[in-house]
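Have a look at the structure below, then the notes.
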Amino acid sequence: MQIIYDSVRPYLLPLTGCQDNSTADQKQHSRHRYRSCQVLLASAAHQTKAMGYDIERFVGYVNDGLLCCICRDVLENPLQAPCEHAYCTSCIHGWLVHHHNCPEDRQALDLSMLRPLFRYMRNDLNRLQIRCRNREHGCEMVCSLESVDRHERECEYSRIPCTNASCPMQVERRNLEAHLAVCEYRSRECLNGCGYTILNADDTHHNCVAELRTELELLRSEMICKVEEVRHEMESRLDSQRRHMVQKESLLKNEIEELKSQMSRVMSDVRTLLAAERLHRQDLEQAELEKRELMELLKSLQRDGRAGSNIAEGGVRKTSGTRTLARLDSIKRKPREVTVI
Ligand SMILES: [Zn+2]
Ligand SMILES: [Zn+2]
Ligand SMILES: [Zn+2]
Ligand SMILES: [Zn+2]
Ligand SMILES: [Zn+2]
């Protein structure tokens, strides 16, 4: 806007500066040039879309009093000068940057003199029927000027930016869902089936093979870690079992040694007993023998006794008596083997 004001300034200056001493022709000419400036300003206003509602959008007759003196469109956020000329807020603010008068009748004007529009005019303005600005895109909505802003904020034909960050697309609100389904910036799984989620369309560097290789490396290192863990656990378990077995083995060895020594003691006892038994048996045999000898001796003594009573004191009896005593002595002298176990 600033550029446009600067470009039309040479046309406006003669009008304000030489108004009094110019001829009617010049005035007419100046007015004509002034009008063309206004048209220029108005077209600039349309380009920036900052001021006025395009009169073409209205249904039915629009009173001239409801048009902006600067952009010639229907007043948007109107303000009124003491001269009762009305302008869009942005139009008159722009004008007063370089001028200090009403653009319509040149009466002195500054920002502090601007007032809201008369109530009856505001009501007339609010009741005007206007088409939705998205009419060219298909919206058939016609509503009061008062409510058109609300409608346009929610209009299904309004163009809104795609909700995916970094997507440059602008789509009609009603088409947003369909766009999101195909938006190149949506996060989606790789179409080649690697399972990787691609976050946006610039991800052209995505390489399935590299991605899968990285994944594989990750899995492999995880696997190696797990295998190492299991190996360590098994080794420690085996170690403890081995230690346990060694202890057990030495215990068993000790027991075996103990049993062996017991066994050898038992064997020697057995041997001693066998020897003792043998001796005992010999003793028994010996005793048997002695008994038989004694029995014989006794019998012989009985025989001798009977013979002695018959034959009185004789040398024969003496001899046999001596022999018997000697034999008794030899029996007595035989040592008795006593086995102590
Ligand atoms: Zn205006
Ligand atoms: Zn005025
Ligand atoms: Zn609409
Ligand atoms: Zn998108
Ligand atoms: Zn992939």
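Note that Cβ sites are derived from N, Cα and C of the backbone, with glycine treated the same way.
The domain 'RING-type' annotation in TrEMBL covers 68-106. Mean pLDDT of the predicted structure over the domain 'RING-type' (68-106): 94.
According to TrEMBL, the zinc finger annotation covers 151-194. Helix, strand and coil residue tallies for the zinc finger (151-194), in that order: 14 helix, 8 strand, 22 coil [DSSP].
According to TrEMBL, the domain 'TRAF-type' annotation covers 151-194.
Marked as coiled coil by TrEMBL: 209-304.
Within the same chain, residues 132-134, 137-139, 141, 143, 200-202, 206, 208, 211-212 sit at least 6 positions outside the zinc finger (151-194) and bring their C-beta atoms closer than 8 Å to a C-beta of that stretch.
DSSP assignment over the domain 'RING-type' (68-106) gives 8 helix, 8 strand, 23 coil.
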